[in-house]
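The feature transmembrane segment is assigned by TrEMBL to A:30-51, A:71-98, A:110-136, A:156-182, A:208-233, A:262-281, A:348-372, A:407-428, A:440-461, A:467-494, A:528-549, A:569-590. For A:75-281, A:403-594, the entry in TrEMBL reads domain 'ABC transmembrane type-1'.
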Amino acid sequence: MASADVAAATTAPSPARPGTHRLRWQTLPVAVFLLALFVVPVVTLLSISFFDNDGSPSLEHYKRLVDVPLYGKVLLATIKVAFFTMLFCIVGAYPVAYLLATSRKSTRNWLIILVLMPFWTSVLVRTFAWIVLLGRKGAVNQVLTAFGITDAPVQMIYNFTGVMIGMTHALMPLAVMTMLAVMEGIDPNLTKAAATMGAKGGTRFWRIYFPLTMPGVASAALLVFIASLGYFITPALLGGPQDTMIVQLIIFQIREVLNWQFAGAIGVLLVITFMLIFMIYDRVFGLSVIGGAARTASPAEGSMIRNYAGRVGTAITWGLAQITDAAITVFARWVPARRGGVGFSRGGLYLVCALIFAFIALPTLFVVPVSFTSEAFLTWPPKLFSLQWYQMVFESPVWLGAATRSFVVALITASVGMLFAVPCAFALARDNFRGKSALFGLVFAPLIVPNIFIAVGLFFLFSRIGIAGTTLAVVLGHTVIVIPYVVVTVLAVVKGYDRNLDHAAATMGASRMQTFHRVTFPVIRSGMVASFMFAFIISFDELTIALFVTGGRVTTLPKLMYEDALLAVSPRLAAVAALLLVSMSIVILASELIRRKGGFGLGTK
Amino acid sequence: MSETTQLPKAALSRRTFLTVSGGAVLATPFVRTSSAASRSLTIRDPGGPVGEAYKKAFFEPFAKTAGVDVIGVQSSHGPTGEIKAMVDAGNYAWDGALLDMSDVDVLSGTKYLETVVGEGGLGPNASQIPAELRSDLLIGAMGYATVLAYRTDTMGKKPPRSFADFWNVADVPGARSVRKHASGTLEPALLADGVAKNALYPLDLDRAFRSLDRIKKDVAVWWTGGAQTSQMLKTGEVDCLITWNGRAQVAIDDGAPVKIVWKDAMFSFAGFAILKGGPNVELMREFIEFASAAENQAEFVKYSTSGPCNPKSFDLIEPKLADILPTHPKHFADMFVMDAAWWGASSAKAQERFETWLLG
């Protein structure tokens, strides 16, 4: 569907078209919404960091940040965790996304269920699953010792490795889905064309396919990196003494010592750090990689670095292509490809993906047998067989009520988020207008600011207008945090969409609505569905905002799961997780069936 | 600082959450007016597995006696942030809250909380509670202990009998776990170093961290959530650890070979407090007097492993159950009460130093 000008669009800002230098109306709803429900409450809250605890203007909190080495060190440790999580997620997710993008639709839908599996179980359940699997007396060590592979238990968690395992596992689905949205839009004929011109497998992949996937890789990297910065539960449970994340320090100040001024100062530090990283990212890759050049077409200072980076990138891909081609030639001598069989490189891909799928699915599948245990803890092997934990869930109006509420909240949040963010993403991807960079920053900002600040800020705002403690408050709060995810994923898709299709439709006499409905939408549909699902999942799994803006009056599923996990690691959590897993898989399969009958569906083109 | 840690006995836990206003949860309207000065109370509890206990022991009986509605709302996190936000915003989603004694000092005393003692002075029930387990802002309703717990199967031959033994890895071998938090960790460090329990406060931070230096490399797991410790005791991930008595009891109730050492344990209590300036202060005071009664605190124990703060409750509790409660006189005599005032003033500094020490 895409054509070669995608490649051009990723490296050069699209030329300004006439009439594009005014503010786009499509961006107004998002801008107004975020200004009112994000900027105002959060800036109000953070600004108290510039006052001392008696209320007079002061920089004492910032002085403390500089004077006490702890905060700088923890910030660096946090960035390190986020960076390596990003790295492992991209490396692991790329082959999986590639496999998905190049599989038959029916296969792909099954695989998508597998990839999304971790998302349907609360982050706490997954973390405890890793503890039970990888602990000193865990399932893996039991196997290793039983087979005499190791004498003493291997230390796999309570260190940096544990943090990486937990975080990569938690965020890899995000990376896969973001990259998949872009890869699905790549025309397979391009690599075929290269093949007819004599390009070998390595060259075809590294010189043609890989550069086309860069927008997906870049957005996935950015999303994973930012999301990692805000993680704290997983590192706290799986890490060692040195794996403290900066958000933990903020939460300590907010919740335990009530020094909101100092918490605000740490928040400002985090935001500034992130903006610096964002600027470096822009200089090296260019925000245009994610979609829509943030800066205007003028050859600004940054472009020199970017050109340089571009040249380095080209050199690297060329080198990789040569190495891969050489390797394929060498190995082909040893393992001759059978006619009609699976090609050599495809076989390798299957093997790698099988391992990654095992990594993704293992802790999730683990909850199924454990949910039938007759003991009061998550243990391996479970003592079977009991249905008590399921009985507890089904007999409890609280759990059923919370599940229903979370589902409804997530559905509304995702719909409203899409309604706001999709038009904005189109404008950002396609048009140049004044204030575009500012809008970019505004849309990304909720990602950067830790949720706890959004939660507290919104509580004050909602109290004033009298909606604190309602379901509406949760929906509004969640909409704020899903908007960036929707914009980024939709941007990546729209960016990969060949506008010549629209022009072609227009020359055939199609109206703008007809063009969108009949031409544009069918192509970008799968990306939109993926984006909707992100929004849904993020809202469905969100805890901090739900806790704060409701004052505990409205109970959501993550809140119940969190309480259960903090106060007792009961197998009821496993039962809930298993139920979610089954019901969500049914929803996805049902949507696939409807699609086959001509309706909407997942992963269609 | 430490969360309230009442835990269910496993046998009872199964029925403890057929809870709240099931249908009402679903039917909560989208827009709600803030709690008006009607004859109804909204009180925060930590929820979780013992959520039912607050209802059965306190909320429902009071509703019946006083002829008012009592709505329990659950927030598991340290509730001080919410209380500050509510009082600052003048939006009283809660009238009162179950708070840890240390929360009171975090809320800087009377800035966010009303005194629980009205014009009539301390009520007859509240007067039965020992002075060290109550203050003007909080009357102890239940208490728990930070204890040493160990696996009898792996450490049975050479069990740790004190924090000094816990620190002595060479003579009392076994994998250890300590909370990744200054509170409840600095005290054992000082006790292990030979400080007497009645001479702990104000804590000598230099000495505490020197003591922690000695054990740092031998701590296999720095835990963050209490449930983690029950899990570790149950699976044998570590052989001994410092945790709350309820956490260890859950593992024991589920058949794990675990023993609790009560000697030199640190005692903390929780109770109901009143949000400053709320619409139902007087009614909350009535409720708190009610919650101080021996029979209500004894009822609570049926669902939880926290000890009652009213000593007369023990007349109503069967001996076998009384044995595992931290306020049982035979355990309580060996403990010390955490100095919440010291922690309220020093928590930020101590925790900052603790985090720095962990990194170093």
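Cβ from N, Cα, C; glycine included.
Residues 65, 111, 115, 163-164, 167-168, 171-172, 174-177, 179-180, 183, 213, 216-217, 220-221, 224-226, 228-229, 231, 235, 242-247, 249, 266, 269-270, 273, 277, 349, 352-353, 356-357, 359 of the same chain lie 6 or more positions beyond the ends of the transmembrane segment (A:71-98) yet place their CB under 8 Å from a CB of it. Remark: the transmembrane segment (A:262-281) makes no contact with the transmembrane segment (A:110-136), by the rule of 3 or more CB pairs under 8 A.
Remote same-chain residues near the transmembrane segment (A:440-461) are listed as 30-31, 34-35, 37-42, 44-46, 223, 226-227, 229-230, 247, 250-251, 254, 260, 264, 267, 270-271, 274-275, 278, 287, 292, 294, 421, 424, 428, 468, 473, 476-477, 480-481, 483-485, 487, 542, 544-545, 547-549, 551 (criterion: CB distance under 8 Å, separation of at least six residues from the stretch ends). The stretches the transmembrane segment (A:407-428) and the transmembrane segment (A:528-549) are in mutual contact, each linked to the other by at least three Cβ pairs under 8 Å (pairs 6 or more apart in sequence). Between the transmembrane segment (A:208-233) and the transmembrane segment (A:156-182), the number of CB pairs under 8 angstroms, six or more residues apart, is three or more, so the stretches are in contact. Distant neighbours of the transmembrane segment (A:348-372): 92-93, 95-96, 98-99, 111, 114-115, 117-118, 120-121, 125-126, 129-130, 132-133, 139, 169, 172-173, 342, 378-382, 384-387, 389-390, 571, 573-575, 577-578, 581; these residues of the same chain sit at least 6 beyond its ends, with a Cβ under 8 Å from one of its Cβ atoms. Below 8 A, the CB atoms of the transmembrane segment (A:156-182) and the transmembrane segment (A:528-549) form 3+ pairs separated by six or more positions in the chain.
The listed stretches are A:30-51, A:110-136, A:467-494; of these, A:467-494 has the most Cβ pairs under 8 Å to the transmembrane segment (A:528-549). Sequence-distant contacts of the transmembrane segment (A:30-51), counting only residues of its own chain at least 6 positions beyond either end whose CB sits under 8 Å from a CB of the stretch, comprise 57-59, 61-62, 260-265, 267-268, 271, 420-421, 423-424, 439, 442-443, 445-446, 449, 453-454, 456-458, 460-461, 476-477, 479-480, 483, 487.
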